[in-house]
């Protein structure tokens, strides 16, 4: 089954409140691929609008402040820290790092943490957190997230798909509408940290989360890369994106930084940092290297099983790296 541009059908276990719909109808059926949506201030003016039969109608339509922004601001007021996890390229372990970071935060029972998965077309967080069979329910106060732990809430489009193999093929406005609902309609409760897992690159999802969270406050972004120059090159673009939209950069994380033998614990290089890796790039650009997470094959195994690698293998150098990174992030945010 393929999810298309039609309004998204929620599985039957998830009743919706009468006042809410899953996706707003903000894009005409015959709109171009990158339509900004009829409610956008760029409606009828963006480059994507050229040649669209609706261009003049959209350009002349009434524009005003987004009425949902105050609702988002109110909902997010109960979230103390909001952290984006970004990567310039897919396959560097961004979602795996998001899961590890969240497990590490939630290891403190006094800490309330949450994951918002806005990788709309490739949601892997449900699998990584052991929540593939979870469904979302709604109440008068909004959608209830799934819980990996009592103090670790998770929301993902993966919970709304009939099958984990279903493709999501949506234009930008449809994705934006769902992200907005994750922000304003999910009953997150009081959180100390919200970790936002984003798609690779700089896409509609990134622009949406920045736009919607701007007033509520984004505390910063963690950029994940591997040691190779092909990954670092795209991280430079991600850094440029953060600077242009005003997102503070908390620091870099070099993932798959060497290989740790599960038996002898010795570490060896697999992906050689031919240009110095994240450490050299951080020094060049004045961005802190938060840490290096070595490649432990047991990380992949625990991810497939939806288990916390940190709990299962506390003696691993990778676990130590995660805990050090979390400690450094806390120090940076507490100093602000």
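Just so you know, glycine gets a Cβ as well, placed from its N, Cα and C.
Residues or ranges marked as [4Fe-4S] cluster 1 binding site in Swiss-Prot: 35, 49, 52, 58. Swiss-Prot lists 88, 89, 90, 91, 92, 93, 94, 95 with the feature ATP binding site. The [4Fe-4S] cluster 2 binding site annotation in Swiss-Prot covers 261, 264 and is backed by sequence analysis. Annotated region 'Disordered' per Swiss-Prot: 1-20, in sequence order.
Structure with Swiss-Prot features highlighted.
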{"residue": "88", "record": "ATP binding site", "contacts (Cβ under 8 Å, 6+ apart)": "200, 201, 223, 225, 231, 233, 234, 235, 236, 237, 238"}
{"residue": "89", "record": "ATP binding site", "contacts (Cβ under 8 Å, 6+ apart)": "200, 201, 225, 230, 231, 234, 235"}
{"residue": "92", "record": "ATP binding site", "contacts (Cβ under 8 Å, 6+ apart)": "200, 224, 225, 226, 231, 255, 256"}
{"residue": "93", "record": "ATP binding site", "contacts (Cβ under 8 Å, 6+ apart)": "224, 226, 255, 256, 293"}
{"residue": "95", "record": "ATP binding site", "contacts (Cβ under 8 Å, 6+ apart)": "117, 119, 124, 125, 128, 197"}
{"residue": "261", "record": "[4Fe-4S] cluster 2 binding site", "contacts (Cβ under 8 Å, 6+ apart)": "267, 268"}
{"residue": "264", "record": "[4Fe-4S] cluster 2 binding site", "contacts (Cβ under 8 Å, 6+ apart)": "none"}
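Across the binding-site residues listed here (90, 91), the residue whose Cβ sits among the most other Cβ atoms within 10 Å is 90.
Ranked by CA distance from residue 94 (ATP binding site), the binding-site residues 35, 49, 52, 58 have 35 at the top as the closest. Residues 88, 89, 90, 91, 92, 93, 94, 95 make up the record's ATP site, and a Cβ search at 8 Å around their centroid adds 87, 200, 224, 225, 226, 231, 255 from the same chain. For the binding-site residues shown (35, 49, 52, 58), fewest C-beta neighbours within 10 angstroms: 52.
In this view, residue 94 (ATP binding site) is surrounded by 26 other Cβ atoms within 10 Å of its Cβ, with every protein chain counted. Among the binding-site residues 35, 49, 52, 58, not one has its Cα within 10 Å of the Cα of residue 90 (ATP binding site).
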